[in-house]
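TrEMBL annotations:
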type: DOMAIN; residues: 21-468; note: domain 'Major facilitator superfamily (MFS) profile'
type: TRANSMEM; residues: 14-34; note: transmembrane segment
type: TRANSMEM; residues: 75-94; note: transmembrane segment
type: TRANSMEM; residues: 106-124; note: transmembrane segment
type: TRANSMEM; residues: 130-152; note: transmembrane segment
type: TRANSMEM; residues: 164-186; note: transmembrane segment
type: TRANSMEM; residues: 192-216; note: transmembrane segment
type: TRANSMEM; residues: 277-301; note: transmembrane segment
type: TRANSMEM; residues: 313-336; note: transmembrane segment
type: TRANSMEM; residues: 343-364; note: transmembrane segment
type: TRANSMEM; residues: 376-402; note: transmembrane segment
type: TRANSMEM; residues: 414-435; note: transmembrane segment
type: TRANSMEM; residues: 441-464; note: transmembrane segment
Amino acid sequence: MTKIEKVGSFESKITVYVVVCWVLAACGGLMFGYDIGISGGVTAMDDFLIKFFPAVYQRKLRAKEDNYCKYDNQYLQLFTSSLYLAALVSSFAASKMCSKLGRKPTIFVASAFFLCGSLLSAAAQRIWMIILARVLLGVGVGFGNEAVPLFLSEIAPVQHRGAVNILFQLFITIGILFANLVNYGASKIHPWGWRLSLGLASLPAAFLFVGSVVIIETPASLVERNQESQGRSTLKKIRGVEDVDAEFEQIKMACEAAREVKDPFKRLMKRSSMPPLIIGVMMQVFQQFTGINAIMFYAPVLFQTVGFKNDASLLSSVITGLVNVFSTLVSIYGVDRVGRRKLLLQACVQMFISQTAIGAILLVHLKGSNSLDEGLAGLVVVLVCLFVMSFAWSWGPLGWLIPSETFPLEIRTSGFACAVSSNMLFTFIIAQAFLSMMCHMRAFIFFFFAAWIVAMGLFVLFLLPETKNVPIDAMVERVWKQHPVWKRFMDDYDGKEDVKNVGMII
């Protein structure tokens, strides 16, 4: 147990139990990350292509294949992207469940769907079975990505909220790395290595399943569902101190305002809800249009395109996975020290340079059927690592953190559902379109993503407020009503005056 920390009138200690809760809940990120990492490696395995996508396999064998087009197949892309379409739809059901039953049971449901999906995908014999398995995995992702970031933001003390929430992204990166290592080993096992890769998704699902039993419900969720005494005792347990009156009063006032909202999705359409909604949705959209998932989904395919053989391309993916994990640790250290905006703006510069350089190398040196020489191919790997590095300490974790901390309680689950569904929609679009875009746009696809990165930087510079060290239930008064652009939208905000007063004393 650590010493008592105090921010304003809020006191807390970091206890062993609350750390265990953080880690177990963050296994939802492990589940999501494993799936992101496993897809590209499996779709590069010949045994998998022979089983489900023989036309793609035959295209790979052609002597004068087109580097940019050899994996262009809508069904192959559907294998990857169907998960995200299912996650998009299920995130709204997850929002309702989060509000009515709580964050903990929603996490439990996520793990159950993911277990079923991973086992079915490993046993699949027909293409419809593999797509159905992906849909089940998608429902698990929709429920997990809705509940876990909310759980982490609500259970964390204000001074550590950024770092705790980023555990979700850290576990995503660990899941991606684990998937890359599994793919590297499974690619040597014929003809069933791909089944091992897909089946091992059951491991992070099992971790989350156990975690959903062990973790505690969040105080805000309990009080919102009229369980005040249990909410107070839970707050004492997770803060490790007896004096939680100030924080509990803030939660109570926020919950009273939330109960007056009968239709949170309708409330989202009010003018005063637009600032967090626009920020939440655009953070998720921009996160996808960095091009990160295009690179992480299809890293083995991308490295094969520039001339690496299958084993070498999978090994290169492992290298980028390691960079991803260690760079996310930078964000955990820095987010509550330097703030959200500085991390995002620095990353925009680094990602823009990386994407532009990759595009330029491929445009000049990679034609339809040749390979890059060893030096240039290695340089592409370095540039991909620099890109992944900057994303991992910025848009990756903060794309989840900022939407989970900026909505007032009365629209928190519904607003975050819109953010999650936006993420899944644009993840689906990128996953479904990337291989075709690479075929038709060729090297220009990297300039396409670079242009989006410029737009992201301008968005952060002029529209994104800093939320470092602002209590989660004081965002309206301390952030939105103070921002030079967004304060114009807050005229019709009718939250409880008591919420304002509690927010202003800290």
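Every residue gets a Cβ built from N, Cα and C, even glycine.
Tertiary neighbourhood of the transmembrane segment (343-364): same-chain residues 290-291, 306, 331, 334-335, 372, 376, 379-380, 383-384, 386-387, 389-391, 393-395, 398, 442-447, 449-450, 453-454, 456-457, 460-461, 464, selected by CB-CB distance under 8 Å and a gap of 6+ residues from either end.
Sequence-distant residue pairs (6 or more apart) of the transmembrane segment (313-336) and the transmembrane segment (164-186) include at least 3 whose Cβ atoms are under 8 Å, placing the two stretches in contact.
Residues belonging to the domain 'Major facilitator superfamily (MFS) profile' (21-468) score a mean pLDDT of 88 in the model. Looking at 14-34, 106-124, 130-152, 164-186, 414-435, the range that has the most CB pairs within less than 8 A of the transmembrane segment (192-216) turns out to be 106-124.
Long-range neighbours of the transmembrane segment (414-435) within the same chain, counting only residues 6 or more positions beyond its ends whose Cβ lies under 8 Å from a Cβ of the stretch, are 39, 71-74, 76-78, 80-81, 84-85, 87-89, 91-92, 94-95, 99, 138, 141-142, 145-146, 149-150, 264-265, 267-268, 273, 276-277, 280-281, 283-285, 287-289, 291, 293-294, 297-298, 301, 399, 403-404, 407, 445.
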